[in-house]
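This report concerns only the one structure given below.
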Amino acid sequence: GTTCYCGKTIGIYWFGTKTCPSNRGYTGSCGYFLGICCYPVD
């Protein structure tokens, strides 16, 4: 996936969704251009 930043935290950018995939163990997220940025990077 594409990397993105929530402040200084690196995450993975998911296009076209407002929620992170629940089976990947993400602990946080932030809104991002036309999608969401989910972290930590898996």
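The backbone N, Cα and C atoms fix where each Cβ goes, glycine too.
It should be emphasised that the depicted structure is a prediction, and the values quoted were computed from it without experimental measurement.
Annotated in Swiss-Prot:
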DISULFID  C4-C37  disulfide bond
DISULFID  C6-C30  disulfide bond
DISULFID  C20-C38  disulfide bond
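Projection of Swiss-Prot feature records onto the structure.
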residue	record	DSSP (3 states)
C4	disulfide bond	strand
C20	disulfide bond	coil
C30	disulfide bond	strand
C37	disulfide bond	strand
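You'll find the Cα of C6 (disulfide bond) roughly 14 Å from the Cα of C20 (disulfide bond).
Listed in sequence order, the residues of the same chain lying 6 or more apart from C38 (disulfide bond) and placing their CB within less than 8 Å of its CB are G11, I12, W14, C20, P21, R24, Y26, G28, S29. Counting every protein chain shown, 19 other Cβ atoms lie within 10 Å of the Cβ of C20 (disulfide bond). Within the same chain, residues at least six positions away from C37 (disulfide bond) with a Cβ under 8 Å of its Cβ are C4, Y5, C6, G11, I12, Y13, W14, S29, C30, G31.
For C6 (disulfide bond), other Cβ atoms within 10 Å of its Cβ number 16. The most densely surrounded of the disulfide-bonded residues C4, C30, judged by C-beta neighbours within 10 angstroms, is C4.
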